[in-house]
Amino acid sequence: MTDESPKPATAPSARPAGRCPICRRPSTEAVRPFCSPRCRDVDLHRWLSGSYVIPAVEGDEDDVE
């Protein structure tokens, strides 16, 4: 046996705070990765209005069976 005591697991809150993707301010734990509920809502609005788009590759209709 070893005399080393087990190291405690690192909690998610121990991660360094990132930057808000909307305004670049430091993010907060409550609304991570955003800094405020306002920036979170701005991001949601951009998704719902179609400002953010995930590109899709359209296939030929003949390939569908």
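Glycine residues also receive a Cβ, built from the backbone N, Cα and C atoms like all the rest.
Nobody curates TrEMBL annotations by hand; they come from automatic prediction.
Under a cutoff of 8 A between CB atoms, and with a sequence separation of 6+ in the same chain, the neighbours of Cys39 (Zn(2+) binding site) are Cys20, Pro21, Ile22, Cys23, Val31. Marked as Zn(2+) binding site by TrEMBL: Cys20, Cys23, Cys35, Cys39.
The region 'Disordered' annotation in TrEMBL covers 1-22.
The record gives Cys20, Cys23, Cys35, Cys39 for Zn(2+). Within 8 Å of the mean position of their Cβ atoms, the other Cβ atoms in that chain belong to Arg19, Pro21, Ile22, Arg24, Arg25, Ser27, Phe34, Ser36, Arg38.
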